[in-house]
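Enquirer: Per Swiss-Prot, the features are:
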{"type": "ACT_SITE", "residues": "Lys227", "note": "active site, proton acceptor"}
{"type": "ACT_SITE", "residues": "His348", "note": "active site, proton acceptor"}
{"type": "BINDING", "residues": "Asn172, Lys229, Arg349, His382, Ser429", "note": "substrate binding site"}
{"type": "BINDING", "residues": "Lys252, Asp254, Glu255", "note": "Mg(2+) binding site"}
{"type": "MOD_RES", "residues": "Lys252", "note": "N6-carboxylysine"}
{"type": "SITE", "residues": "Lys390", "note": "site 'Transition state stabilizer'"}
{"type": "TRANSIT", "residues": "1-48", "note": "transit peptide"}
Amino acid sequence: MGAFLTFQKDSDQIYPGWKEKLGYTGESSVQAASFDWQKKAAAAAFVGAQARTGRSTVVRRALDQSSRYADLSLTEEDLVKNGKHVLVAYIMNQGGYDYLATAAHVAAESSTGTNVNVCTTDDFTKTVDALVYYIDPENEEMKIAYPVPLFDRNITDGRAMMCSVLTLSIGNNQGMGDVEYGKIYDIYFPPSYLRFFDGPACSILDMWRILGRDMTDGGLVVGTIIKPKLGLQPKPFGEACYAFGQGGDFIKNDEPQGNQVFCQMNECIPEVVTAMKACIKETGSEKLFSANITADDPAEMIARGKYILGQFGPMAENCAFLVDGYVAGGTAVTVARRNFPKQFFHYHRAGHGAVTSPQTQRGYTAFVHTKISRVIGASGIHVGTMSFGKMVGDASDKGIAYMLQQDAAGGPYYHQKWEGVVQTTPIISGGMNALRLPAFFENLGHSNVILTAGGGTFGHKDGPKQGATSCRQDEEAWKLWKAGTYGDVSLSDGVIEYAKTHEEIKGAFLTFQKDSDQIYPGWKEKLGYTGESSVQAASFDWQKKAA
């Protein structure tokens, strides 16, 4: 009977007529009012709100905890200045409930609260409440400040853990009935808290050093993804590495490649090492390889990493480690970062679209996911192609690259100061080829990124060596156009002018003719080409392996 008297709102809704049936004649009391826990934790009230026009007209009820979990007098400027809170900006629709009440419910569920007041709450507990400090119902925006002490720390070294940040900020609040949808669009980490995360150990500077590049503006690292992504056995896989390595810098496993029964690591990696040694000897240039060590079991990841480094031997610094960071999770990321701090940590985001896609109204955005990758230690992460390739994206996604590479950068809502945290290198992939690169560089403003072009190099009509070379040449073409070498002409005309004396780029025009027609109108006449459109890569004899 005590439960009926304590949770009377539930009693009324679930057990109509309970008062008469139990012989209770008292008035409805405030929830838990008869329980005196040193007079702590005053009870919350329930409020109802009419659903929005066009939605259900049923009046729904939400727990209003705004008196405790909201403080709209707080200013973002002061919160940032004090440096004691992680700030999170959400897009959350009104969903038929009072907006502030729902936002406060999110803050409560994401910190110290629950759906009822509990007797164990004390004065200290309230000091670590998450607080709603800003709402804009019309634009469906809310911001919550999370006190740093809320977040879990390692018992081994006191370091911070991203899984704790995500558990609170994007955990149970994603499944609450009064939150129709909510998505994180930006997150701010105070510098004092950032210092407790690992951050990257290596960056593109390490690649430039190995490749003998300028350490300030070393430019594009021309890379590829071995294609087909699955189906090659060890020897053909090694031959593909050799073919690309004749013209390119960097070769990576595709994200599903690892230790398939038809291409086991103990047979494939030796073939890769042999191919790389041959390419280095023949070209006089260093080569890099990114090996996939992703696994469910941390012990398996470590075993893979140790085996690969043993095979590379004196060339160990030429080897990066790839981890499918989204699907394998933060534990796998930290295993790689902490056990192999001397290796370039290649973060692949396969699967991220399940929560980051613009079509998804829950989770977080690609910007947030990418920013988190720098915090937890990625040396490089795939960022799509900013609408210049086949992946979903927009030219404005260059803000993602700025957040990864700069020491201070603005996001959709917050300006983040990194205070010396090593940069994370944008890795671009997905439908890219030489012809698409100049406009990409112009939009980004520089070419200090890693390219991993699979079809864009292995699809070149003359082979992967020429495909890789064409990408390097188009970076040079963009730089020359930028410097005014070709006079006052458009970027497309500048690239065409460069192509007149560079056969590899000219071959890209002939290979990717749909791109040629769309990006470089009039290219055939300007290059003096009179032939018909040919089937992509038809003239490349794969059996010769592009020696």
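Using the three backbone atoms N, Cα and C, a Cβ is placed for every residue, glycine included.
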Enquirer: Between the Cα atoms of Glu255 (Mg(2+) binding site) and His348 (active site, proton acceptor), find the distance and write it as a whole number of Å.
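Expert: Given the Cα positions, Glu255 (Mg(2+) binding site) is 7 Å from His348 (active site, proton acceptor).
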Enquirer: If you measure Lys229 (substrate binding site) to Lys252 (Mg(2+) binding site) at Cα, how many Å is it?
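Expert: Rounded to the nearest whole number, the Cα-Cα distance is 10 Å.
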Enquirer: Can you tell me the CA-to-CA distance separating Lys227 (active site, proton acceptor) and Lys252 (Mg(2+) binding site), as a whole number of Å?
Expert: 10
Enquirer: Taking the Cα atoms as reference points, how far is Ser429 (substrate binding site) from Lys252 (Mg(2+) binding site) in Å?
Expert: 11
Enquirer: What is the nearest of the recorded positions Asn172, His348, Arg349, His382 to Asp254 (Mg(2+) binding site), using the Cα of each?
Expert: His348
Enquirer: In sequence order, which residues at least six apart in the same chain have a CB under 8 Å from the CB of Arg349 (substrate binding site)?
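Expert: Listed in sequence order, they are Asp324, Gly325, Tyr326, His369, Thr370, Ser373, Ile381, His382.
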Enquirer: As a test of the contact definition, list every same-chain residue at least 6 positions from Lys252 (Mg(2+) binding site) whose Cβ is closer than 8 Å to its Cβ.
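Expert: Long-range Cβ contacts: Gly223, Thr224, Ile225, Ile226, Phe289, Ser290, Ala320, Leu322, His346, Thr452.
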Enquirer: Report the residues of the chain - excluding Lys252, Asp254, Glu255 - with C-beta within 8 Å of the mean position of the site's C-beta atoms, for the recorded Mg(2+) site, in sequence order.
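Expert: Nearby residues not in the site list: Ile225, Ile226, Lys229, Asn253, Pro256, Gln257, Ser290, Asn292, Leu322, His348, Thr452.
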Enquirer: Is His348 (active site, proton acceptor) helix, strand or coil when read with DSSP?
Expert: strand
Enquirer: Between His348 (active site, proton acceptor) and Asn172 (substrate binding site), how many Å separate their Cα atoms?
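Expert: His348 (active site, proton acceptor) to Asn172 (substrate binding site), Cα-Cα distance: 26 Å.
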Enquirer: With H, G and I counted as helix, E and B as strand and the rest as coil, say where DSSP puts His382 (substrate binding site).
Expert: strand
Enquirer: Identify, among the recorded positions Lys227, His382, the residue whose Cβ has the fewest other Cβ atoms within 10 Å in this structure.
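Expert: Across Lys227, His382, these recorded positions, the one with fewest Cβ atoms within 10 Å is Lys227.
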Enquirer: With every protein chain in view, what's the tally of Cβ atoms within 10 Å of the Cβ of Asp254 (Mg(2+) binding site), excluding that atom itself?
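Expert: The answer is 20 other Cβ atoms.
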